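> Let me begin by handing over the structure; questions about it come next.
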Amino acid sequence: MELFIVESPTKAKTIQKFLGKGFLVKATLGHVKDLPEKELGVDLRTLKAKYVYKRGKKKLVEQLKKLSRRSSIVYLGTDPDREGEAIAYFLKKDLEKVNKNIKRAVFYEITPEAIRESIRNAGDVNMNLVYAQFARRILDRLIGYLISPILWKEFKNYKLSAGRVQSPALRLIVEREREIQNFKVKKYYYVKALLRKGSEEFWAIYDYRYENPSDAKIIAKKLEKGYFSVYKVEKKKEKVSPPKPFITSDLQSEANAKFGFSSERTQKLAQELYEKGYITYPRTDSYRMNEKKAKEFMNYIEKKYGKEYVGRLRRFREKATAQGAHECIRPTSLREEIPEREELRLLYDLIFRRTIASLMKEMLLEREKVTVEAITPELKHPVYLVAKGLKIVFDGWSRVYPSEITEEKLPELYEGDLLDLVKTTLEERKTQPPPRYTEGTLIKTLEKLGIGRPSTYATIVKTLKERGYVEVKKKALVPTEIAFQVVEFLMERFPTLMDYKFTAQMEEKLDLVEEGKLNWKSVVYEFMEKIFGKELEMVR
């Protein structure tokens, strides 16, 4: 018998179907070991950590030991990231006491071919990934255990917490709210004319911003006595590239905008789709797509929509943080629909259509700019108004993945055409404050700043809500009063923790640990020194 160990029962069930007899697939139900719940669990001088079994996991490991003893080989098929590697590491340490033949099987999608290939190429646990997880876990523990109690004491509120990613994210939300509160709305005005050619009407706008409505009214009144004609017609073709395939941040952002899903809900659903074998691994920051799969998708496009819709597999400049072997989030097959509950079907359909759209031809647009000349005895010089039109010449990728681009139709206009004036009017506009963050826009902002990674995005807003820092109103994240107070306190007491640049640099250093280019302890020591400074001696 060969033993194959994964984290979740769903994943185990899917893989068991693929491997059949001769294999036994078992699940750990997540991490088996972690730092203790009721103590720091880390020696601050040596960084030696005290990892203990999570509740119920010692018994589970004993059961796995019995199975390992009876197995010819043990494969550790946990997720292909820092957390999955740490689970594999602790399992190996326990199981190699009874069976030395233990291999790490790495795969990025749950299909028969991918699982068999992971078995053929099974190797050892990647210690660089494990060290990066140690560093991440210890950093988070230090902040949780050393800073959170300071907040409890200061604000007499035991729900409060601080975090390496959580606190800078809260700062973003609070600073945006301050911008909104300090924003002064200003009204301004444009003069518009409703014009007619034959039986067709269209609007043209005088492109001058009036602060005073009475000034705009004077011009509008004078234009009522004017003669209007087409002065110039400019047409320009424009290509609109298809969207990129999904990475974690894009998927969470899009599902939030389209379905109102929280990032945590999207991640749970995506994980379930992955474990059932429908999509590739959902925690990724790489846009890369397997060439063989891309060809299959492009053949599908040709058969379903025609050759003119087939695009190409584009190469994207990968972020420095993108892991080489990871792919974008894509379907594992050409299955258009899945026999699952509605939430899963919705998310799968979104991923399927986005993947197909990313390999289709560009949209082709024609933009039209018509300059209208108005001559009136009331004014010394002509006034020029502008009308804009937009025509979709070829729908391309938007046939599969709806675009926000809409047609703006104008009559067929030629230079010299005489036009009738129907009426003039003022259009009142207001300066807009910056919008509040939604979960989706917050994640995209954090990603742009280099804060957080695909595995952490889903938990950020969940934690902020649980701690009473934010409320969700009409999808927007609204900070509570305590959020303002905590951000102000942390900015004064622990400014480095709240510094966006420093947080991003720490993320980069964790990535370098993952690549084997930095020692994990040196990263933790540097972080401790910069965050806690002299206070570190007090807690030591």
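Note: Cβ is positioned from N, Cα and C throughout, glycine not excepted.
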> So which range, 11-16, 161-166, 287-292, 401-406, gets flagged region 'Interaction with DNA' in Swiss-Prot?
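Region 'Interaction with DNA', as annotated by Swiss-Prot, spans 161-166.
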> Out of Glu7, His31, Asp79, Asp140, the recorded positions in the record, which is closest to Arg283 (site 'Interaction with DNA') when you go by Cα distance?
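Nearest by Cα distance to Arg283 (site 'Interaction with DNA'): Asp79.
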> List the residues of the same chain that sit at least 6 positions away from Asp79 (Mg(2+) binding site) in sequence and have their Cβ under 8 Å from its Cβ, in sequence order, or write 'none'.
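Same-chain residues close to Asp79 (Mg(2+) binding site) (Cβ under 8 Å, separated by 6 or more) are Glu7, Ile87, Tyr281, Arg283.
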> At 10 angstroms around each C-beta, which of the recorded positions Glu7, Asp140 has the fewest other C-beta atoms nearby?
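Selected from the recorded positions Glu7, Asp140 on minimum Cβ neighbours within 10 Å: Asp140.
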> Under 8 Å between C-beta atoms and at least six apart in sequence, can you list the same-chain neighbours of Arg467 (site 'Interaction with DNA'), or say none if there are none?
Lys159, Leu160, Ser161
> What same-chain residues lie close to the region 'Interaction with DNA' (161-166): Cβ under 8 Å, and 6 or more beyond its ends?
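For the region 'Interaction with DNA' (161-166), the far contacts come to 139-140, 143-144, 147-148, 151, 446, 451-452, 456, 460, 463-464, 467, 486, 490, 494, 497, 503, 506.
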> Under DSSP, is Asp140 (site 'Interaction with DNA') helix, strand or coil?
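In three-state terms, Asp140 (site 'Interaction with DNA') counts as helix.
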> Could you give me the DSSP helix, strand and coil counts for the region 'Interaction with DNA' (161-166)?
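Taking the region 'Interaction with DNA' (161-166) as a whole: 1 helix, 0 strand, 5 coil.
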> For the recorded sites His31, Arg136, which one has the sparsest Cβ surroundings, going by other Cβ atoms within 10 Å?
His31
